[in-house]
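What TrEMBL records for this protein is below:
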- 30-53: transmembrane segment (TRANSMEM)
- 33-355: domain 'ABC transmembrane type-1' (DOMAIN)
- 112-136: transmembrane segment (TRANSMEM)
- 187-207: transmembrane segment (TRANSMEM)
- 213-234: transmembrane segment (TRANSMEM)
- 290-312: transmembrane segment (TRANSMEM)
- 390-626: domain 'ABC transporter' (DOMAIN)
- 716-739: transmembrane segment (TRANSMEM)
- 720-1007: domain 'ABC transmembrane type-1' (DOMAIN)
- 759-785: transmembrane segment (TRANSMEM)
- 840-860: transmembrane segment (TRANSMEM)
- 942-963: transmembrane segment (TRANSMEM)
- 975-995: transmembrane segment (TRANSMEM)
- 1042-1280: domain 'ABC transporter' (DOMAIN)
Amino acid sequence: MCYRDEKKKANTLSVGYFQLFRFATRKDTVMMVVGALCALVHGAAAPLMLLVYSKMTNTFVAYELEVQELKDSNKECNNNTIYWRNGSIYETAENTTVYCGVDIEAEMIVFAYYYIAIGVGVLCVSYFQIVFWVTAAARQIDRMRKAYFTKVMQMEIGWFDCNSVGELNTRLSDDINKINNAIADQVSIFIERISTFVFGFMVGFVGGWKLTLVVIAVSPLIGVAAGFMAMSVARLTGRELASYAKAGAVADEVLSSIRTVAAFGGEEKETERYDRNLVEAQNWGVKKGAVVGLFQGFLWCIIFFCFALAFWYGSQLVIDTKELSPGTLIQVFFGVLTAAISLGQASPCLEAFAGGRAAAKTVFETIDRQPEIDCFSEEGHKLDRVKGDIEFHNVTFSYPSRPDVEILNDLSVQIKAGETTAFVGPSGSGKSTTLQLFQRFYDPKEGMVTLDGHDIRTLNIQWLRSLIGIVEQEPVLFGTTIAENIQYGRPGVTMEDIIKATKEANAYNFIMNLPQKFDTMVGEGGGQMSGGQKQRIAIARALIRNPRILLLDMATSALDNESEAVVQKALDKARMGRTTISIAHRLSTIRNADIIIGFERGRAVERGTHSELIEKQGVFFTLVTLQDQGTSDTTKDAISEILEEDFDKRKMSRTSSERGSVRLRSQSKLSITDSLKILTNQDFSNSVTQKYEDDADEHVEPAPVARILKYNQSEWPYMLLGTLGAAANGFVNPVYAILFSQILGTFAINDLEEQRNQINGICVLFCIVAVSSFFSQFLQGFAFAKSGELLTRRLRKVGFHTMLQQEIGWFDDPNNSPGALTNRLATEASMVQGATGSQIGMIVNSLTSIGVSFIIAFYYSWKLTLVIMCFLPLLGLSGVFQSKMLTGFANEDKESMEAAGQVSSEALANIRTIAGLAKESTFVESYEQKLELPFKSAKKKAIVYGFCFGFSQCVIFMAYAASFRYGGYLVQSEGLQYMFVFRVITAVVISGTALGRVSTFTPDYAKAKIAASHFFKLLDRVPKISMSHSDGEKWDNFRGKIEFIDCHFTYPTRPDVQVLNGLVVSVKPDQTLAFVGSSGCGKSTSVQLLERFYDPDQGRVLIDGRLSHTVNVPFLRSQIGIVSQEPVLFDCSIAENIQYGDNTSTVSMEAIVEAAKKAYLHDFVMTLPDKYDTQVGAQGSQLSRGQKQRIAIARAIVRNPKILLLDEATSALDTESEKTVQVALDEARKGRTCIVIAHRLSTIQNADIIAVMSNGAVIEQGPHDKLMAKKGAYYKLVTTGAPIS
């Protein structure tokens, strides 16, 4: 099912943009339409302002001309026309009169009113544009979340196996947020910018079509440059990622097989191999930086050439043909410019739209999917009377997440009403799966399950599940009170019922002893309760349903003896008069079952009472034999438990070898259903750790920049060059302010020749600025890319090296899985780059720009500068708002979503329990209730956000109103030249936007500092087991005497499971010690302690009489060779894999061949076309098991170790290759201390000592003959030929 889905997904097209609005109601549509109209009007504001601006410029120019004329004392102003003193009208060379009497202050007051009017208008429309769109979006998203969650809760369990809970949680939060971004404020901003684009061109064409066409003709160049830049950056980023992927693959391969790397001391070798692959990525990164710099330079270059051309041609039109006034020249030029810029700014919105459409695809697919087993459906029969006969008819089944693994294979079982039937058998044999099929979590592939002769597929689901009470091995409690947890069993029960149920479940007394009694909170997942208490609450929850059928899935396995006895009593009470199916671990719990059914490989292989099955000597007998043997009751139970829990190894060898060659077999102590349970829990814990990690992000102190720069020290020449380039770029804006105002100034020169010369001069200056900014942009881009990439590479190498230095226990933590670690190497290292290089460039650029602008402004008119400076904080603020808007306010909604997030993650993580209790709808209601708050806050936020947006949009108009009004006053009363007014205002406004720009770049910067501090946290971690070559002692004549003295051990990730429990065993030099015992009894663990992957919690491991933790680790490991059941080979040639055995020196070809001969590998290799240079493929996939095994043996022999560890080295082989490999192993054992972990007893009869292990301790040891004579556990295992594991 999962696979089919993937294929379908690939074929469907993405969601059309307007389909994103499928949850909009009438009201929402109206709001969006009105908002869109407001946005249109808002977009027209900037072009409108240009009309005012152009009129104002004309006024200034006229005034300046008048002032110049009136400088001549023979002229005077009369009736708005200039006369000579003698009364005749003054005429210019072109026989025109000169207008005079411009009251500049009065004019400016009018213009100020215009500006204020536009400003207020903008404030209103931009407020409504945002409020309407954001509110409408919030309403739609609220509906969408509800629809999505409801549909997810409706899905069949098989669907959850294929979609990880973590992923579903992300979809609920992130994906829906992305859709929100695509249908909220971004839309209105997009409309506004497009409208600015249209109106800008209109203003241009109305003012002067010739100039507009000239500017338009040049603008495609800018577009082309931008397009090329985007394309080439994408291509180069692709190349960079691809080449980094090679290094990433190395990192992944090494971290996945960290145990093998550690065992053979390959850390340094791997770090070098990783670094070699980083070089290529670094080169691509530098190329990318250079290309970006080049195109950026080219862009600015074109823009300034464009200025030069437009002003030159425009001034021709003003002076020669008089088609334009100076004001219209500005109107046209800036109209087209604004249009072009706003078109550019509209493009980020398109990204948001695309992101929303992509996210909507998976979300809508789920919303539209029809569940295969619909738990909300009303269909199906409800039987009047239920007897309780259950039958499985030839059922074949495999889990949808693993369709190739058959779990049930033509299973036929009858369960009679009112009887207690027990299922026993090794894990993975399908016991729990049968229970899940009966609850209709899945439907069988073939065959059918019947209840009283009715196929359960024809029955109503909710009704069917209401008949069933289930108690699982790991009961799931929800994070509420005890009473509410029990009420989940059946809605509307009274307190009396609850008390009755708890008494039946032996839970009443302990509940009454709690301070809050029934109102005690059980904590997240029942965390505040002990195992036995949880188990009894779960039993009460099952009993309150008054079920016809009781399913007990290893209900007492997780308990200690005392609580087990209590719970067992409760269960025995509960079974009276009900059809009961019990899956048991401890055989003591099922002695009194009416019928016992033995399972193996998905079939029921035996059936009968306790005594009948003992006589059969089959599956059941093996279990009993091992259980009755042993030291104490606890060990009994534990062995049986472990036996029962042993994984079907063939099936799981893949999973268990995931973590590298020396397997953590204890990891696989789960049955298949549990592994599914644990998978869901795992994802839940992941989503929880995710939460904690995010919190960790908050609390991590950002790393000091100084420390980051220290890693970048050796690149200082590049950094210096880049900084110089950035400073040069900072000069560009202020220079533009000077040149722009200078051009306006030229229009007031009377002498035409002089005017032309000045204009030409300014245009040449524009060209010079263009060329220089090309070079400085390129310099900044390239230099910082170079230093940044070198830093990234250095950090990655150091980080990888540090990871390989950590102790093995660190890698067991799910946060440090190979995937997570490679991801951190990939992302964090490149994020840190953001705190140095380009960031410094940005800051230097902006600071220069601000500094130079202020110097210019104060130099030309300090009074005006001070007036405008009052607006600077507001302008800066508006810059901050603008940048905040681009990122969207979505991040802030995340916090308010937490409560709903907790409901959804609890519901999704425990979906099986919820389905079993048929409580889906309760959780849906609870989720919808928790969405109230975020929805209200979103609506509130819309209003605040709308106001801020409106304010930030209208500030600039107010600033213009005040500054030009005051500028007019200065021109009139203090004779300030009007071009200086323009110069000062332009300079200060530009520096204001630069200020805003600096603040926009802070998020990257903060992210970089946090990434860096995570990274440094890793670098500063001191491993618990030091790998350094200098710590600890080494000695010359290493003999290989090993003693384990009273070792106790638990794995750090699961401190509650005692793996070794007082292990005592020793082996003298050159002896062979064999461990025998069921899976999970601590055989492999003892080997891992010897390798010092872990240190014992209590007790000691002695090597040649020295304490293991005082010995130098690389030295110790260099004395040990290991061959494991699933040997890990690296993706290189056979010769290189054998060479890996000795990483301290280069292994010669002769040595390789000799080792290969000893391992019976040489002849086979010589038959291959490439002989020893044959590539083995990823994880040795090109070779058969036997061939891989022999390469691993050769690898161990090359080491010439004093101690040889064979961990089930032949278990995975067929008989023929096993013989060959066994001969090779016997050869390799000569003259070495050897520890063998065996699974076939025949392979270890010649060992010096055989130790039979159970539950982390040795129950009997001695040579083969002695143990056979003792007639203990070993004897029974050998004589019955019963499989151990």
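Just so you know, glycine gets a Cβ as well, placed from its N, Cα and C.
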Taking residues 6+ outside the transmembrane segment (716-739), which of them lie with a CB under 8 Å of any CB in it?
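Sequence-remote neighbours of the transmembrane segment (716-739) are 300, 304, 307, 762, 765-766, 769, 772-773, 775-784, 786-787, 790, 836-837, 840-842, 844-849, 851-853, 856, 983, 986-987, 990-991, 994.
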The transmembrane segment (213-234): which same-chain residues, six or more beyond its ends, come within Cβ distance under 8 Å?
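For the transmembrane segment (213-234), the nonlocal Cβ contacts are 201, 204, 288, 291-292, 295-296, 298-299, 302-303, 305-306, 309-310, 313, 332-333, 336-337, 340, 344.
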Grab the pLDDT values for the domain 'ABC transporter' (1042-1280) and give me their mean, rounded.
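Result for the domain 'ABC transporter' (1042-1280): average pLDDT 78.
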Does the transmembrane segment (112-136) come near the transmembrane segment (942-963), with 3+ Cβ pairs under 8 Å (pairs 6 or more apart)?
yes
Taking the transmembrane segment (290-312) as reference, which of 187-207, 759-785, 942-963 has the most Cβ pairs under 8 angstroms?
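Looking only at 187-207, 759-785, 942-963, the most contacts with the transmembrane segment (290-312) come from 759-785.
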Excluding the flanking five residues on each side, which residues at least 6 beyond the ends of the transmembrane segment (187-207) place their CB within less than 8 Å of a CB in that stretch?
32, 35-36, 38-44, 46-48, 50-51, 54, 126, 129-130, 132-133, 215-216, 324, 328, 331-333, 335-340, 342-343, 345-346, 349-350, 353, 885
Assess whether the transmembrane segment (975-995) lies in contact with the transmembrane segment (759-785), where contact requires at least three Cβ pairs under 8 Å among residues 6 or more apart in sequence.
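These two stretches do not touch.
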Mind checking which residues of the chain, 6+ beyond the ends of the transmembrane segment (759-785), have their Cβ under 8 Å from one of its Cβ atoms?
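Non-local partners: 285-286, 288-290, 292-294, 296-298, 300-305, 307-309, 311-312, 315, 718-719, 721-722, 724-726, 728-729, 732, 735-736, 739, 742-743, 746, 837-838, 840-841, 845.
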